[in-house]
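These notes concern the structure reproduced below.
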């Protein structure tokens with residue numbers, strides 16, 4: 001059975017895409033610790049990050065770094081948080097988010113359901129895509145569903 005991330009990547013479930021190429025996708029999480037909280041995911045379903053081959057791992061991390069740089073610029077964040085938890089969905093992924101302190105590393109504090117302002121989510125996605133384009137990154141999604 002396909003993971004929820006594969007369903008998002010395949011367009012079966014809507015997602016706010018920030019980046020997409022043949023190997024890596026990045027989209028906003030539906031349960032953000034902060035607006036701009038992005039998941040960087042290999043397109044291939046790999047359960048644990050430790051099981052990725054080194055070439056794919058390098059690509060996923062390169063995209064995470066670009067997203068982190070965009071997060072810092074787009075949200076005037078002092079840091080970009082980077083977290084691998086691996087328990088929420090059995091499909092390897094990296095959380096990248098604006099961080100001013102350690103609170104963003106506690107995923108149990110994420111916004112859920114009606115607490116998430118969808119207009120702010122769309123604005124965050126637009127800001128991140130604009131920053132990636134400004135940096136000359138190829139593979140930037142045109143809009144949320146790309």
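Any Cβ shown, glycine's included, is placed from N, Cα and C.
The active site, tele-AMP-histidine intermediate annotation in TrEMBL covers 93. Taking the Cβ of residue 93 (active site, tele-AMP-histidine intermediate) as reference, residues of its chain lying under 8 Å away and at least six apart in sequence are, in sequence order, 5, 39, 40, 41, 84, 86.
Positions annotated as domain 'HIT' by TrEMBL: 4-107.
Broken down with DSSP, the motif 'Histidine triad motif' (91-95) shows 0 helix, 2 strand, 3 coil. As annotated by TrEMBL, motif 'Histidine triad motif' applies to 91-95.
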For the motif 'Histidine triad motif' (91-95), the distant same-chain contacts (Cβ-Cβ under 8 Å, at least six residues beyond its ends) come to 3-6, 29, 33, 37-42, 45-49, 51-52, 60-61, 64, 81-85, 107
The DSSP breakdown of the domain 'HIT' (4-107) into helix, strand and coil residues is 36 helix, 25 strand, 43 coil
